[in-house]
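Taken from Swiss-Prot, the feature Ca(2+) 1 binding site applies to Asp28, Asp30, Asp34, Glu39, supported by sequence analysis. Sequence annotations record features per position, and here Swiss-Prot assigns Ca(2+) 2 binding site to Asp64, Asp66, Ser68, Thr70, Glu75. Here Swiss-Prot flags Asp104, Asn106, Asp108, Tyr110, Glu115 as Ca(2+) 3 binding site, drawing on sequence analysis. According to Swiss-Prot, the feature Ca(2+) 4 binding site maps to Asp140, Asn142, Asp144, Arg146, Glu151, an assignment based on sequence analysis. Annotated domain 'EF-hand 1' per Swiss-Prot: 15-50, in sequence order. Marked as domain 'EF-hand 2' by Swiss-Prot: 51-86. Residues annotated as domain 'EF-hand 3' in Swiss-Prot: 91-126. If you look up Swiss-Prot, you'll see 127-160 marked as domain 'EF-hand 4'. Marked as N-acetylthreonine by Swiss-Prot on the basis of similarity to another entry: Thr2.
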Amino acid sequence: MTDQQAEARSYLSEEMIAEFKAAFDMFDADGGGDISVKELGTVMRMLGQTPTKEELDAIIEEVDEDGSGTIDFEEFLVMMVRQMKEDAKGKSEEELAECFRIFDRNADGYIDAEELAEIFRASGEHVTEEEIESLMKDGDKNNDGRIDFDEFLKMMEGVQ
C-alpha cells in the first residue's frame, strides 16, 4: 500500500470504506479486484459524486499509472477521497459566495469599511474604527479601499 493509499484510508470511516467496496465489487464482474475505467463514472455517481467527463479523464490518467485500463480498489479509494475533498471545497466556496453577497449590502461587488462595520454591529460584536481599518488593510490586497470576492476568499482561508 502506498502512502497515498494509506492516507486515503485514514480519511474514511470503516462504514464508508465498506460502502465504497460494495459499489466497487458490483462492477468487478470477474472478482479480479479491478474495474475498467469505463465503469468508473458509473460507480462514482452511485456513490453520490458528480464528476464531469473532463474530471473523470483527469482522475483516470492519475490513477491508472500503468495504462492497464483497470483500477484496483486501493487506487479507487485514493480517487474517491480526492473527489470528496474537491466537492467539499466547492461547497465551502459557494457558502462563502453567499456570505459575501449578504455582506455586500449595496450589491456593488465589493465590501467597504462601512459594510464591514455593519456586519460586526449586526452580530453584536463591538469593534473599533482602528480594528475595522486593520481588517480592511489586511484584506484589501490591491489597496483600492474595498474588498472584492477574491480578496474575501483569501481573507476567509485564514479563518476556516
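Here the Cβ of each residue, glycine as well, is placed from N, Cα and C on the backbone.
Overlay of Swiss-Prot annotations on the structure.
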residue: Thr2; record: N-acetylthreonine; contacts (Cβ under 8 Å, 6+ apart): Glu74
residue: Asp34; record: Ca(2+) 1 binding site; contacts (Cβ under 8 Å, 6+ apart): Asp28, Ser68, Thr70, Ile71, Asp72, Phe73
residue: Asp66; record: Ca(2+) 2 binding site; contacts (Cβ under 8 Å, 6+ apart): none
residue: Glu75; record: Ca(2+) 2 binding site; contacts (Cβ under 8 Å, 6+ apart): Gln5, Val63, Asp64
residue: Asn106; record: Ca(2+) 3 binding site; contacts (Cβ under 8 Å, 6+ apart): Glu115
residue: Asp140; record: Ca(2+) 4 binding site; contacts (Cβ under 8 Å, 6+ apart): Arg146, Ile147, Glu151
residue: Asn142; record: Ca(2+) 4 binding site; contacts (Cβ under 8 Å, 6+ apart): Asp148, Glu151
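Comparing Cα positions, Tyr110 (Ca(2+) 3 binding site) lies closest to Asp144 out of the binding-site residues Asp30, Glu39, Asp144. The sparsest Cβ neighbourhood within 10 Å, among the listed binding-site residues (Asp28, Glu39, Asp104), is found at Glu39. For Asp108 (Ca(2+) 3 binding site), the nearest neighbour among the binding-site residues Asp30, Glu39, Asp144, judged by Cα separation, is Asp144. A Cβ distance under 8 Å defines the sequence-distant neighbours of the domain 'EF-hand 2' (51-86), meaning residues of its chain 6+ beyond its ends; these are 1-2, 4-5, 7-9, 11-12, 17, 20-21, 24, 33-37, 40-41, 43-45.
When the domain 'EF-hand 3' (91-126) is classified with DSSP, helix, strand and coil residues number 23 helix, 1 strand, 12 coil. For the domain 'EF-hand 3' (91-126), the residues of the chain that approach it from at least six positions outside its boundaries are 132-133, 135-136, 145-149, 152-153, 156, 160, judged by C-beta separation under 8 angstroms. Ranking the binding-site residues Asp30, Asp108, Glu115, Asp144 by how many Cβ atoms sit within 10 Å of each one's Cβ puts Glu115 at the top.
When other Cβ atoms within 10 Å of the Cβ of Arg146 (Ca(2+) 4 binding site) are tallied across all protein chains shown, the result is 19.
For the recorded site, Glu39 (Ca(2+) 1 binding site), the DSSP three-state label reads helix.
If you average pLDDT over the domain 'EF-hand 4' (127-160) in this model, you get 86. Other than the site residues Asp104, Asn106, Asp108, Tyr110, Glu115, same-chain residues with C-beta atoms no more than 8 angstroms from the centre of those residues' C-beta atoms, the Ca(2+) 3 site, are Phe103, Arg105, Ala107, Gly109, Ile111, Asp112, Arg146. Secondary structure at Asp30 (Ca(2+) 1 binding site), as computed by DSSP, is coil.
If you compare Cα positions, Asp104 (Ca(2+) 3 binding site) sits closest to Asp144 out of the binding-site residues Asp30, Glu39, Asp144.
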